[in-house]
Amino acid sequence: MMSAGKVLVLHGPNLNLLGTRQPEIYGYETLEDINNGLYEKAAVNGWDIECRQSNHEGELIDAIHAARQDGTVAIIINPAAYTHTSVAILDALNTFEGKVIEVHLSNVHKRESFRHHSYVSLRADGVIAGLGSQGYHAALDALIKTAE
Ligand code: DQA
């Protein structure tokens, strides 16, 4: 099957600890569980997908820069705490011409007020919050459907 497109999934800081990190908020699935589900969905639909996690702002920015040049058509990003602090990640996403979907496992609007503002939302084409790991699947489904 020909690839329908390439998607980069970027997970920000502390998301490597999923499954054991405040599971009452973020769920019991590990990051590997989530990524495996996304790899499977992409494969079934003929899409290429790359899932990356970093605890470092600059590494997330470098991954966004690489996506500008390797045929990536969309970025699904959970910037984690950098959502609320990082003008640099917003600036990097503003240099990317494809679709950007922002995902949060928890409903950030139901939580502390510092989580209510997102720099990344100024660029995102879509935002999903509060659906747990299903949010990543909803994002990928939307990209696949939109491209059909
Ligand atoms: C998060 C929400 C952020 O406020 C938090 O800093 C995270 C995860 C989420 O997926 O719900 O690390 O992005």
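Cβ from N, Cα, C; glycine included.
Features as listed in TrEMBL:
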type	residues	note
ACT_SITE	Tyr26	active site, proton acceptor
ACT_SITE	His104	active site, proton donor
BINDING	Asn78, His84, Asp91, Leu105, Ser106, Arg115	substrate binding site
SITE	Arg21	site 'Transition state stabilizer'
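Sequence-distant contacts of Arg21 (site 'Transition state stabilizer'), defined by Cβ-Cβ distance under 8 angstroms and a gap of at least six in the same chain, are Asn14. Annotated pair Ser106 (substrate binding site) and the residue listed as 'active site, proton acceptor', C-alpha to C-alpha distance, rounded: 6 Å.
Same-chain residues at least 6 positions away in sequence with a Cβ under 8 Å from that of His84 (substrate binding site) are, in sequence order, Phe114, Arg115, His117, Ser118, Tyr119. Each residue contributes its Cα atom, and for Asp91 (substrate binding site) and His104 (active site, proton donor) these two points are 20 Å apart. Listed recorded positions: Asn78, Asp91, His104, Arg115. Those with a CB atom under 6 Å from ligand 1: Asn78, His104, Arg115. According to DSSP, the residue listed as 'active site, proton donor' sits within a strand segment. Highest local Cβ density among the recorded positions His104, Arg115 belongs to His104, counted as other Cβ atoms within 10 Å over all protein chains shown. Long-range C-beta contacts of Asn78 (substrate binding site), restricted to its own chain and to partners at least six residues apart, with a cutoff below 8 Å, comprise Leu10, His11, Gly12, Leu15, Glu102, Val103, His104, Leu105, Tyr136.
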